[in-house]
Amino acid sequence: MAAAAPAAAASPEAPAVSGSADPETGDEDSREVRVLQSLRGRIYEAKNLLPYLGPNKMRDCFCTINLDQEEVYRTQVVEKSLSPYFSEEFYFEIPRTFQYLSFYVYDKNVLQRDLRIGKVAIKKEDLCSHSGKETWFSLQPIDSNSEVQGKVHLELRLNELITENGTVCQQLVVHIKACHGLPLINGQSCDPYATVSLVGPSRNDQKKTKVKKKTSNPQFNEVFYFEVTRSSSYSRKSQFQVEEEDIEKLEIRIDLWNNENLVQDVFLGEIKVPVNVLRSDSFHQAWYLLQPRDNGNKSSKTDDLGSLLLTLCYTEDCVLPSEYYGPLKTLLLKSPDVQPVSASAAYILGEICQDQKDAVLPLVRLLLHHNKLVPFITAVAELDLKDTPDANAIFRGNSLATQCLTEMMKIVGGHYLKVTLKPVLDEICESSKSCEIDPVKLKEGDNVENNKENLYYYVDKVFNTIVGSSVSCPTVMCDIFYSLRQMAAKKFPNHPHVQYSAVSSFVFLRFFAVAILSPHAFHLRPHYPDTQTVRTLTLISKTIQIIGNWGCQSRKKSRFKKSVMCEFLKMFQEERYFTDVKKFLDEISSTETKESSGTSEPVHLKEGEMYKRAQGRTRIGKKNFKKRWFCLTSRELTYHRQQGKDAIYTIPVKNILAVEKLEEGSFNKKNMFQVIHTEKTLYIQANNCVEANEWIDVLCRVSRCNHNRLSSFHPSAYLNGNWLCCQETSESTPGCKPCTAGIPADIQIDIDEDRETERIYSIFTLSLLKLQKMEETCGSIAVYQGPQKEPGYSKFTIEDSVATFKTIQQIKSTIEKLDEPHEKYRKKRSSSAKYGSKENPIVGKIS
């Protein structure tokens, strides 16, 4: 089940949440339901930011994405602009619970701390309402009130005390147990404490907890006592009875603060609980959501801060155990063999989905996982060709076939792009050479002839890199290209060039040209490039696309209207370019076996800057943790003093025994994990929870098949002669906790087939009305034996109404059976998260 419109992606698993139904026994607790969250979207641009006061009004801006206050993504810096254009796409799994998704716009400051200009904060429950829409959000001011987050666990009790002279005194016991999810202060865990006050018309008794160091989840466990009424006001007969006028006016107020020592303490939030919650029961326990101050100042000129354009798609999938998805998977995996293919479940999915792109990714991943993708794409591509009368228009549309093939290339071609394009793209992006050849767009001091030479050098280098890369082309891509080529030649026997166009329209137009134009979207570069580099990449991409197209045609001519581009393209009209294109297309569309994604070479999997704890040292202090550049390939994990420097330390992948999270209490640091290997455990701190989750996932995948993997581990560190988790003194003591369950071993393509099937179930569920319409259309065709004229008929491709009708019936039956365990889980989840629980804390006052 999904909380939003289906997202077009699924990635490594996130933490699981227990509780589902066993398909045989119906036992809700005997299986595990995984609740997987993901977020994708784009940060487009900001507009009308406040200028600096003074002659230099421009700002150097960047934007961050934060889960609550934890930064998980940062854009590039756009210099000297009050309307910065970022255009950065993002996708990540969300490995923990959160209250707010926030976007902060900063002004970069070299000498001082970066200045926060404003933010957009969206409650988790409101994310679905923005799904898939381009939306302008007004930037809101940032102060201590706007940064409030977290919750408090509180227990109240009313006791009766009898004095020596027989009078009765009422005593209020306030037990502040813990807080969870307090905000970060300057990117670090805070030093929180709480003040506990009993407030009334004529009293304000205040007490204070101890300060807890470096934690966002403090465990206070402190009890405070307050006298509710004067003992003289009561006699023995007033047992557990408080005067109404007193109890209605009294309240417990808890304020959370960050201890700043030398400067003023920072407000973290407050809650107010009326004492009359004890009127009917002398005991009350609940979690409360922290709130801003009642008198929090809200700016009346929030629009003046500027605005931010975003697209968001938040998805929450509740993935049941594998047994439930068997019937739906079977129905989908039969699709390549169904005649005609338009009557298959996979094709019908693409027909009824509101946005076909939503259906393509889970479908492609599922079919790819079961080696069914090549025959399915071949079948739907053949259907496309039936409706293509012009050989020059082959595979130019945006059909199910072209979308499936395009998505497949993104999935399996990632490493192919890295070994082919990344080195030359790095050279282009890190160079300051101008390649502008349009005199109208030239900057002052630029020389057209020099720029033309620069552009020619880059285009020629990119071209030679591409046409020399056929040996690295993934086998599954070659197999599909071979099928496309054969079908095209059969369809248009009098047009020999069309067999090349069928392949070129994908590998040049939809693969290489797009990756050159947007390297950040293919993980070839960390950020969207600057304006000059964007222009250079655009010119290179267009030229490569044209040359690739020329190699498939009998006559070579430019489609560019601008004489500037036409003149430049003449430099590439040598016969060798056309010959090299055809040779390359021949090689990647042959039936000869290729290396699967170039796996004879080490596969580059992940790299980035993190902190590692010095190994084998006992000294205590910040210097024990050093910033290092980590690099993981399919063969080894290394770390370096800086990117590009020689490795300081190398761990062969075959020596990794386990990769697990490390408890925060070990070093009082968040987002830590441990790489347990044959020599010594390596403790690493990631920059945020998303990054930590990604590193753990990829390290687990690459080492999953190691023969000596551990079955248990220590969740805390070994310090001062004992394990902090189990207090064992021997460092060689076996682990006290079972290792995390294994992750799919394919380091190239990590596919969670249950999650993909759950996505497809969600799409079918959201599209039932359209499925019903398609079913009715099939019935009408069968009854009237002729073409339909009713509205909406033309939206469906129905070649065999009887076969299509039968498949729709099977889909509906399968979906109905899956609805039952989903509904059971929804009810259980709803009932378990009662108001006042940690999962569903109380907001504001209760009476």
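Along the chain as shown, the residues are counted starting at 1.
Glycine too: its Cβ is placed from the backbone N, Cα and C atoms.
Binding of Zn(2+) is annotated in Swiss-Prot for His714, Cys725, Cys726; the matching candidate from Cys705, Cys736 at the same site is Cys736. Here the candidates are Ser554, Ser666, Ser711, Ser730, and Swiss-Prot annotates Ser554 as phosphoserine.
Your range for region 'Disordered', going by Swiss-Prot and the list 1-31, 63-93, 559-589, 745-775, is 1-31.
Within its own chain, Cys725 (Zn(2+) binding site) has Glu663, His714, Pro715, Ser716, Cys736, Lys737 as residues 6 or more apart in sequence whose C-beta sits under 8 angstroms from its own.
In the structure shown, across all protein chains, His714 is the one of the recorded positions Arg396, His714 with the greatest number of other Cβ atoms within 10 Å. Cβ neighbour count for Cys736 (Zn(2+) binding site) (all protein chains, 10 Å cutoff from its Cβ): 15. Confidence in the domain 'C2 2' (148-288), given as mean pLDDT, stands at 83. Neighbours of the Zn(2+) site: apart from His714, Cys725, Cys726, Cys736, residues of the same chain with C-beta atoms within 8 angstroms of the site's C-beta centroid are Pro715, Ser716, Trp723, Leu724, Gln727, Glu728, Thr733, Gly735, Lys737.
You'll find the Cα of Arg396 (site 'Arginine finger') roughly 63 Å from the Cα of Cys726 (Zn(2+) binding site).
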